[in-house]
Amino acid sequence: MDKDQFHVIIVGGSIAGLTLAHCLHRAGISHVVLEKASEPAPQIGASIGILPNGARVLDQLQLYETIEQYIEPLETATIGYPDGFRFSSSYPKLVNERFGFPIAFLDRQKLLEILYQHYPDKSRIRLAARVVSIESSSIDSTITMEDGTIYKGHLIVGADGVHSRVRAEMWKAAQRINPGMTVEYSCIFGISAPIKGLIVGEQVNAFFDHLTIVTIHGKKGRVYWFLIQKLDRKYVYPECPRFTAKEIGPIVNHLKEVKFFKDITFGQLWDSRETASMTALEENVFDTWYHGRMVLMGDSAHKMTPNIGQGANMAIEDAAVLSSLLSDLLQKQTQPPTNAQIEKLLAQYREVRHPRVNSIYKTSRFLVRFQARDGIFNTLFGRYYAPHAGDLPADMASKTIAGGELCAYLPSPSRCSYGWEKYKNSGLGRTVWCVLVLLLSALTWSCLGNMNIIMELPKRVSMMR
């Protein structure tokens, strides 16, 4: 059958949804995007990290050259501790050399604007389109909008975020609820004007007890920042905290004098803000990604903290894999795919994506607790091992990046470097586990009053790499 006879309905004009629209357009597959907001790129104060695995797909879609005009590649990361000790790492620069794409940040609003403005047929992107019901049959699926408009398609994709309507309808149709999402941290995030002393192309990570402040210094000194705090207890979705503008004030006032880099305080960051907001940080990878002719992608399927910077990149990879599987299936069809064929395809999609996403999610869970010095393990690991780890942070990031997915029906980017093959099947997992085992041993010894063994950890690990 012609690919344009198969119709995909994308719920959500998010980064996930708009990237999928670009992927489907390149594959020649008919689709429409339904976005409930009245504008395509609202400013909510958020920034987005584009890592090489996401950049590579965006390059395939001929979008990355435009994105490059608004980013400043990171070259250095500085990490600081409550006792005043600081060290710097060039791992971001090393990652760029290995993969041909940098680690970089830009306004979430700007990325959405690029995705929207460079989409060739804007009649396919419907704004102010609020879904009120979803029905699925053995032949097709139907979505009814608040204004009474009805859309019919062969597949519904939920790219509608952490509070996904499609996910809720999917659970209802499957007659099961599959929650598991929890919240233990909150995040105040924002964008500020340049601040003297914060150097373009650098990232600052300030680790305190149950508090992390991260700043990324982008194009022309624009500062993207996160303030992450541990909450009073663990919350289980949907009973999660919501924060209003009034609630941010007292928290900010309490932290204004905190110095996160040399003599620069959080108050300076706050006072120079252009925009800021506060949210709970949900964490989960859902087990159920599809049912019938409905499937999830992006934050509707998996939600992680911003510490690892992979949230948007995972959504971009989702779009690449789902569109590749659809393109391959439709090339072989003379008739619209049956329910069984759709279910097989969606099972393949989950089989490809779930293990990779889950692995990165676990790293994200570790990082948010490690950076917030949550417990003696993370406190000692951060203070006494991390400053002497050498290239291990770059190696771990490389392992994560190298497994990235591509649009199988589009040419691979020519700018890719040696790291994609070198680190795809590297044995870094063994090194990480060795670090953890040694650190646990060190903790035992430290309890007996012998801290010297902790200082020997980097030497012992380097012997195993």
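Keep in mind that glycine also has a Cβ here, set from the backbone N, Cα and C atoms.
The feature FAD binding site is assigned by Swiss-Prot to E35, G49, R108, D299, A312. Classification of A312 (FAD binding site) by DSSP places it within a helix.
Sequence annotations record features per position, and here Swiss-Prot assigns transmembrane segment to 5-25 (among others) based on sequence analysis. Same-chain neighbours of the transmembrane segment (5-25): 31-35, 37, 40, 48, 57-58, 61, 63, 108, 111-112, 115-116, 118-121, 124-125, 127, 131, 141, 143, 151-161, 164-166, 297-300, 312, 315-316, 318-320, 322-323, 326, 330, 333, 336-337, 407, counting only residues six or more beyond its ends whose CB sits under 8 Å from a CB of the stretch.
What Swiss-Prot lists as transmembrane segment is 435-455 (among others), and the listing cites sequence analysis.
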Cβ neighbours of R108 (FAD binding site) where a neighbour is any other Cβ within 10 Å: 22
Residue with minimal Cβ packing [other Cβ atoms within 10 Å] among the binding-site residues G49, A312: G49
Site extent for FAD, whole Å (max Cα pair distance, E35, G49, R108, D299, A312): 23
For E35 (FAD binding site), the three-state class that DSSP assigns: coil
